[in-house]
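Trainee: I'd like to ask you about the structure that follows.
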Amino acid sequence: MSNAIIPLLLDSLASAALIFFAAVGLTLVFSVLRVLNVAHGSLYSIGGYVAASICLFIASRQLNPYLSFLALLFSAVCVAAIFGPLIERGLVRWTYGKSEAVQILITFGLFLILEDLQRVVFGVQSFYEDAPMRLLGTTSVGGVVYLNYQILLIAMALLVVVGLRLLINHTRLGRLITAVVTDREMAQSIGIDTNRIFIVAFSLGVFLAALGGALATPTSGIAPGLGADTMVLAFAVAAIGGLGQIEGAALASLIVGLARVLAIYLVPSLDAVAPYAAMLIVLLIRPYGLFGSVTARRI
Amino acid sequence: MTSRGISIGVSRYLSSLERLFRLDRGVPQGKVRWAVDGLAGALALGVVAATPAAAQDKPSALGLGIFTFTSGPAAAYGMPGKNAADLMIDEINAKGGIGGVPVSATYVDEAQGAQGVIAEYRRLAGDAKNQVMVAALSSANCLALAPLADQLEVPTVGWNCDTHQLLMDGKSKYVFRPNGNTVPEFIAYAIYLLDRKPDLKTVAIINPDYAFGHDAAKIFTAALKALKPDVEIVAELYPKLGSPNYQTEISRLTTTRPDVVFSNLWGADLENFVRQAAPRGIFTSSQVILALGETVLQRVPLPDGVIVGVLGDGWWMSPDAKNKPETVKFAEAYKARFGEYPVFPSIKMANALIYVKAAYDAAMQKNGGKWPTRGELAAAMKGSKVETLTGTAQTRADNDGLVDQIVGVTVKTPAQQSPVIGDMVRYKGDSLMPQAGQDPLAWIATLKPEFAKSLPKPGSYK
């Protein structure tokens, strides 16, 4: 087992990176809009489908294969630009101020619609396009061959954590978002266009979900049902980190990634339950998550 | 509206009701579901008893309920089956149908889960048009449907149904499997492996986390231990069915440095695993066995030397199959219509439909050309021996099938774009099956190395 420690850690980081992309958008949207978007997983898989389709197009036209890296980013931007404003203005805004049950039911309805939409548009067969993975080659670590693309994913996840923190702490948009998160009514009263902030924040959440799906495509298959699995895992991560906490999502992704990888290495039969066992333990000790805090209910 | 029409309507309504409850919005559904199940079952029984087929009228059309996966990751295995059914039904109808009756199929997507599949089975069985069910692909669904088939007295042909547990009690009257099962299928791999790599010491297993994956691991391991007791299983991984990502599992397999990696992943799971494992060197560091590897030969670039098979004899390019003009014609028609050559799930489905047609022909021959009842059809299936596209399907007294097992390794040939199966062996179906009623694992434990030595060797099937 001692020769497996470095691979175990590297696998945990790689696993955490994939989970993080799925969870961070969910937690960001919750922090600003106070809406738990159950359709978040569908947006993740749509990002994957669009990225795979563009990469397959690039391959079929024998264009420069390195364009597929741009395609991953471009697909996430497209999905965010189309679905973000459409869903927020068309559906989610009607749920503001409503009970959590109503919000969850409405976004669950959206989830079902998006899942069927994917079947209609992309069919029921599995999608796979691994050009970006093949282009980057492999590296041997501790006798185990890793894809350099997996290491790129870890770097990208770190970049997103830092980028989001910079956006929120050091830009005007970030300060506006912070104001809305802190006190929505006060922000409105001092002239902040909260509707615009909601559209931007929701679209940013969609972008992160779609980016997660797009980045996962070269190392994973995309098939119907992926959205549901992703959503459940993303919710577990967001709950562990504390809903609305970006750094919390990052740390929780690490915990969940480590739990899953440890299970696969040591007790494979617990692979599926390990993330949720981790969630259970954390929530028993800290009911609001690692970075969450009790907030007073305003009347 | 006739009383039968009312019964069918109510039965359908109850099936819909059951599907509604399947949404699992709360716990207190158990009693309701039992009640719905009971009512639907009683109504379906009533309808079945009242069908004109019981009076042996020749129907205007013969309906088949065909169960397969048409969505989700398992569709990569299920759709070739559906495609083959479409093609084979067209071929049967072009030749005048079965006994002059045209055949049509209603497809049920198994991806909806066992409760939905059961409800659909009841609904179809309640329609007099549907005389036979070709069900199912998933072992779990086969096990769920078997009691229902006997309860409703509907001949049900397991076109895939690998689990050896399906007919173990030998009591079923209406469930038939014109295929091998997990016992001969995975013993065949153990014997082939030991012939090809007699000095192996360690084996790692990665199978899907449900009955098929666990049963296969158990049988393969038991056979290896019986034939070469010093073999050590260094890792057993069971990722969830439908997992899109196997990177951690691949790392784990690599760290154990096994001589052999065995897997019966299938469908999109298998495609994903191969695509992810190949660049990480698993195929060069270990001898890999992909029990269902033939299904991905045309889709993913498998390297040479991977042990693959077809869980039976359903390799359309096998020497026996290539000697049959109808098989070559079927394969070319399949390629022309669907853009790929048939894979073994396609052949299994086509063979299952040939089996159904042969049973009708035999039953009608026996009763003077009259249209057979469901009971007469089932009787014709029992003990039958049917020439299929790729060999012979023999039905034992316990309704289980005996078909040969073909195993080989991937090789590239100048004649084919994709790798094909080379260095083949064809084990006789009955040589790898325990007797009816015998505990398979206890039987495997009695196998001796001399047993393996008595069987044909890799490369002997040319």
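Easy rule for this one: first residue shown is 1, then count along the chain.
Keep in mind that glycine also has a Cβ here, set from the backbone N, Cα and C atoms.
Quick paste of what TrEMBL says about this protein:
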TRANSMEM  A:12-36  transmembrane segment
TRANSMEM  A:43-60  transmembrane segment
TRANSMEM  A:66-87  transmembrane segment
TRANSMEM  A:148-168  transmembrane segment
TRANSMEM  A:197-216  transmembrane segment
TRANSMEM  A:273-291  transmembrane segment
Trainee: What residues elsewhere in the chain lie close to the transmembrane segment (A:273-291), defined as a C-beta under 8 angstroms and at least 6 residues from its ends?
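Mentor: Beyond its ends, the transmembrane segment (A:273-291) has Cβ neighbours at 233, 236-243, 245, 247-248, 251-252, 255-256, 259-260, 262-263.
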Trainee: Okay, the transmembrane segment (A:12-36) and the transmembrane segment (A:66-87): do they have at least three CB pairs under 8 Å, pairs separated by 6 or more?
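Mentor: As far as Cβ distances go (cut-off 8 Å, pairs 6 or more apart), the transmembrane segment (A:66-87) and the transmembrane segment (A:12-36) do not touch.
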Trainee: List, by number or range, the same-chain residues at least 6 past the transmembrane segment (A:12-36) whose CB is under 8 A from its CB atoms?
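Mentor: Sequence-distant neighbours of the transmembrane segment (A:12-36): 43-44, 88, 92, 95-96, 100, 103-104, 107, 146, 150-151, 153-154, 156-157, 160-161, 164, 177, 180-181, 197-198, 201-202, 204-209, 211-213, 215-216, 220, 230-231, 233-235, 237-238, 241, 243-246, 248-250, 252-254, 256-258, 260-262.
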Trainee: Could you give the residue numbers and ranges of same-chain residues that sit at least 6 residues beyond the transmembrane segment (A:148-168) on either side and whose C-beta is under 8 angstroms from one of its C-beta atoms?
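Mentor: Beyond its ends, the transmembrane segment (A:148-168) has Cβ neighbours at 10, 13-14, 16-18, 20-21, 24, 28, 132-133, 136-139, 174, 177-178, 208, 211, 215, 218-219, 246-247, 250, 253.
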